[in-house]
Amino acid sequence: MSTVNEPQDETNAVADQEIVAAVEEAAAENAHELPTGVQAALELKKVGKTFGSVIALRDISLRVDPGTVTCVLGDNGAGKSTLIKILSGVHKPSSGSVTLDGEPVEFSSPRDALGRGIATVFQDLATVPLMSIWRNFFLGNEPVSGPKALGLLSVKNAKDVTKSALKQMGIDLRDTDQPIGTLSGGERQAVAIARAVHFGAKVLILDEPTSALGVRQSGIVLKYILAARDRGVAVVFITHNPHHAFMVGDRFYLLNRGRLLAEFERGKVQLEELIQAMAGGAELESLAHEISSIRA
Amino acid sequence: MSFLTNTSNIAVDERVSRTPWYLKTLRRPELGALIGAVAIFLLFTFVDTTGKFATLEGAAGWTDFAAPVGIVAVFVALLMIGGEFDLSSGVMVGTSGLFAGLLITQLGWNVWAAIAATVVMAAVIGFINGILVIRTALPSFIVTLGTFFVLKGANLAITKGLTGTVRVSGVDQGDGFDSARSLFSSTFDVAGTQFQISLVWWLVITIFATLLLTRTVFGNWIFASGGDANAARNAGVPVNRTKITLFVMTSVSASLVGIMFLLRLRGMQAGQGVGQEFYYIIAAAVGGTLLTGGAGSAIGASIGALIMGFAAIGIPYALWDQDWVSTFLGVILFSAVLINITISRRAQGGRKK
């Protein structure tokens, strides 16, 4: 707790230490054997993206393994959104290459990426609030009964599958008929994750899934991230919260101003280091100093 | 950090109770309209001076008014659930009747051929509406308001230019008129009372639209397109195609009503249908369809149309001045929407949306 908490009073330091210890303990409990020598599910090599004269991303290389959680950390403006859009097929990279299961790929659209097993759960755009849970769950993948041309929904089947698929992910909902907008933010994210996993996503990209949520709600989402990981999905967890990342992450990439600033692996990094690196050690130190001078 | 490691109790949230059956009923979008319809029926039965309102004869009267409104209102409701408006749906009734009428009287077409051509014409105009809305990304309110005025002017100008009057007449001279009329504009007997065949069309179309909305993949796409077009696209829903199809359906349903009027009246006024678009929208809104899209029901729109039928027949039966019909409908619209919103907020657990 050296540099960060030095100017603060002792109780604060103790409280912070408790949080850090708790996060590290949780991270240890969530740890699992990292698969070794496997083919990366998704790999970026020296990917760059420019919009006109603006360089949004430069030389980004990262790999996402099946059954692991890869965290992409960065502050606002670090280039996280651009990176997601490249991964999910919205943007094409200006330079560099993307490989999926070892094959070089170029996604023509988000639909194309989805078809190849890359599902993206966008922060606010994952579900349609007024529609029921089961309708949301099957949106775009509706189960049909009878002649295909008629497009008749097998409603009973859809409701049952929704219920059991959510249950497998540990989400127990009594009534899949209620509008999904009546669920809490965490539950909605959880349904979106369960949906992606159910429909066979190999790579699951989560865009700031915990940013608008409270502590307990975030916990729910983190739990489902691990559930997806344990089912062999390569999870890309994009966040600006190092605590959340540290609890579930296997590999950490730090973005800053469009560049890859650092790369860490689980077990070889402390939460402290992660926070420091993310905030930029010197900046955080001067901020702490400023705050203490205001207090005084 | 027990919230992460000991999560067995998270999924079962003790604060969420099971959904009781009455809440499920309250969530139905058409409930407000149904309660309103019963109340208005009782009101007009009570103030009726002829003693005929609540009889078969009265029913023949109010369904005669409600059916042509309901046939289009059902599809206007689907379109509104899909997040778009069609202000040209009223004038399309006139355009279709005039188009078919002119083909029959000016070009000597067979009535059936003219009907087929009219349906195709209506589908094309609906398609143009849809394409314009999607391509320009302008609000459909503006685009279809434009179509409305273009058609309104064309109806008058072309009819006057070809016939020298503001009316197409003499359709009953066309080949196939009788057989077409028996399908689209005849009457049928129920215990000695003559009902319009449009009632049957209306019922069949309401059932069709309800199944389409609630029991098909396309119905799921309608809800999603209107509820959140971005989320729907992210999930792989063809939002543009869905919306264009809805515009086509709305336009074709209006052409059906235009053909019915043409055959029934054996002719068509150039101004027919203008102003009806608001009846359709009112019926849809009264029936629980959200003006912002994403929720609603086809049955609700039909109940809304039925309420209009009650008012159109009940007000003269009560010997009130007929001029008050619109005022009455205005009040109904306002109170029904208010009731619908209040009920659905309650049913959704007080969440304001």
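Glycine is no exception: its Cβ is also placed from the backbone N, Cα and C atoms.
No curator has checked TrEMBL annotations; they are predicted automatically.
As recorded in TrEMBL:
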type: TRANSMEM; residues: B:31-47; note: transmembrane segment
type: TRANSMEM; residues: B:59-80; note: transmembrane segment
type: TRANSMEM; residues: B:87-105; note: transmembrane segment
type: TRANSMEM; residues: B:111-134; note: transmembrane segment
type: TRANSMEM; residues: B:141-158; note: transmembrane segment
type: TRANSMEM; residues: B:199-223; note: transmembrane segment
type: TRANSMEM; residues: B:244-263; note: transmembrane segment
type: TRANSMEM; residues: B:278-296; note: transmembrane segment
type: TRANSMEM; residues: B:303-320; note: transmembrane segment
type: TRANSMEM; residues: B:326-343; note: transmembrane segment
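Long-range Cβ contacts of the transmembrane segment (B:199-223) within its own chain (Cβ-Cβ under 8 Å, at least 6 residues beyond either end) map to 63-64, 66-68, 70-71, 74-75, 77-78, 81-82, 184, 188, 232, 237-239, 242, 245-246, 253, 256, 260, 294-295, 297-299, 302, 305. Where the transmembrane segment (B:244-263) meets the stretches B:31-47, B:59-80, B:111-134, B:326-343, the count of C-beta pairs under 8 angstroms peaks at B:111-134. Between the transmembrane segment (B:278-296) and the stretches B:59-80, B:87-105, B:141-158, Cβ pairs under 8 Å are most numerous for B:59-80. The list of residues near the transmembrane segment (B:59-80) in space but at least 6 beyond its ends in sequence, with Cβ under 8 angstroms from a Cβ of it, reads 86, 89, 93, 190, 193-196, 198-199, 201-202, 205-206, 209, 212-213, 222, 226, 246-247, 249-250, 253-254, 256-257, 260-261, 276-277, 279-281, 283-285, 287, 289-291, 293, 296-298, 300-302, 304-306, 308-310, 312-314.
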